[in-house]
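These features come from TrEMBL:
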type     : residues : note
DOMAIN   : 273-352  : domain 'Wax synthase'
TRANSMEM : 35-53    : transmembrane segment
TRANSMEM : 60-80    : transmembrane segment
TRANSMEM : 92-110   : transmembrane segment
TRANSMEM : 241-266  : transmembrane segment
TRANSMEM : 312-330  : transmembrane segment
TRANSMEM : 342-359  : transmembrane segment
TRANSMEM : 379-397  : transmembrane segment
Amino acid sequence: MARVSFRTELLLTLERAFRELVPEPPKRYPLTWKTAPYAYAYLLPLLFMAYLSQRRDTQIIRLLLLPTCLVMAIRGTYAYDWFEPDYYFFTWLRGLTGLAAAGLSVDFAFSQTARLKVGETSLPAINEPESLDDSEDVKKRRQNGIFPAWLSDAVEALSTMRGIGWNFGKSTYIPRERRPLERQAFLRETARLFIKKFILADIFESLIKSITGIGSTSGGSMFFSNYPVFKRYAVSTGIQFLAGITLTNGVECLNLLLTIIGVGLLGQSPTEWPLILDQPFDSESLHDFWTQRWHQTLRRIFVVLGGIPGEYLYGRTGFIFGAFLASGLFHEGGTYLMGRGVDYRVVLFFVLQSLGVWMEEFYRYVTGKRVGGIPGTLWTYFWIIGLGQMCSTWLFMKAYCMQVLTVLLS
């Protein structure tokens, strides 16, 4: 019997360890009410990690807790499945949620000063209920809240994705507020926008699904091989554009719905719920699109997982490449849960965005001018609408958020 080399044995061991965390589809457990507590058990250590991020002198505890959070989040996400094509959107969303939890765990663990809000200079210890820097509004909300202070702190840290009002979110772009900030007027305008965006998204999603071979979970193609080349890609570009309209309106719908809940039911301030998109179709450059026009909800996760390591290795270029690589792996990781294997095109699309952004920076270095105007918009459309066709499966799955809203509101 031939001896197995150390390298081969190591690779086999790593593969077995990986498949323990990420089983192949046939070896996954059905996700039911009975198994759901096991699938989502990672929320408990994650919540504790979020609480520790709001207490000083806890980094050692957070670092020790990190492996548990990562293993439970990845195993809980990939070891369970619905096995139903009709639930593909929920499956994909569950994959993204688990990966986001893993990313937040890394962020919480390696934050040396924990998470400070704007204006805060210190955090309370584990046995202290509140910080001396807390404003009177925060203290009043805690006193009148139905949850204990420690739980409120943990949930707030866990749900603050864009960093609004926090030090780590100072550089995050926030769209200009166009709604009145008086509570009742704000809620009325938000409800009006929600109805408008919902109707638009529903109309365009119906148009997409009415095209033969599109909008089915069983698969299909927007590239009609019986058409001449020019017509084929003109049609696919039109479909991609419709999907983009559906996607933007659907994303805004979800944010507006959460805004109504946060401000109307939970009593939060309207300033805590700015718009999530800023006219993405008006983008004049890739930099404009990705840093301002598009939503910044996952920005911190991509910076932590890819941008910061990339910057450490290769400076500014590494930061850009690393952040987009993390974004591509994140989106493909959610799609992998649907049991359709790995599709490198999703990752390639996001990696190519880093090339486009780098070319814009080189253009500015050479000419002293930024990419902009109508040529900049056409340039952006090429990179987003044109090259985006390589990963339209991912885009169409995101468009299914309208089906989720329809179910929730029916």
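Just so it is clear, glycine is given a Cβ too, placed from its N, Cα and C backbone atoms.
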Count up the helix, strand and coil residues in the domain 'Wax synthase' (273-352) according to DSSP, in that order.
58 helix, 0 strand, 22 coil
Intrachain residues whose Cβ lies under 8 Å of the transmembrane segment (342-359), provided they are six or more past its termini:
286-287, 290, 317, 320-321, 323-325, 327-329, 331-332, 335-336, 383, 387-388, 390-391, 393-394
Sort out the residues at least 6 away from either end of the transmembrane segment (92-110), same chain, that have Cβ-Cβ distances under 8 Å to it, and list them.
42-43, 46, 49-50, 52-53, 59, 62-63, 65-66, 69-70, 73-74, 76-78, 157-158, 298, 300-301, 304-305, 330-331, 333-338, 397
Decide whether the stretches the transmembrane segment (60-80) and the transmembrane segment (35-53) have at least 3 CB pairs under 8 angstroms, with pairs required to be 6 or more apart in sequence.
yes
Do you know the mean pLDDT across the domain 'Wax synthase' (273-352)?
92
Do any residues, 6 or more residues outside the transmembrane segment (35-53), come within under 8 Å Cβ-to-Cβ of it, and if so which ones?
29, 61-62, 65-66, 68-69, 72-73, 76-77, 79-80, 98, 101, 104-105, 108-109, 111, 114-115, 126, 150-151, 153-155, 157-158
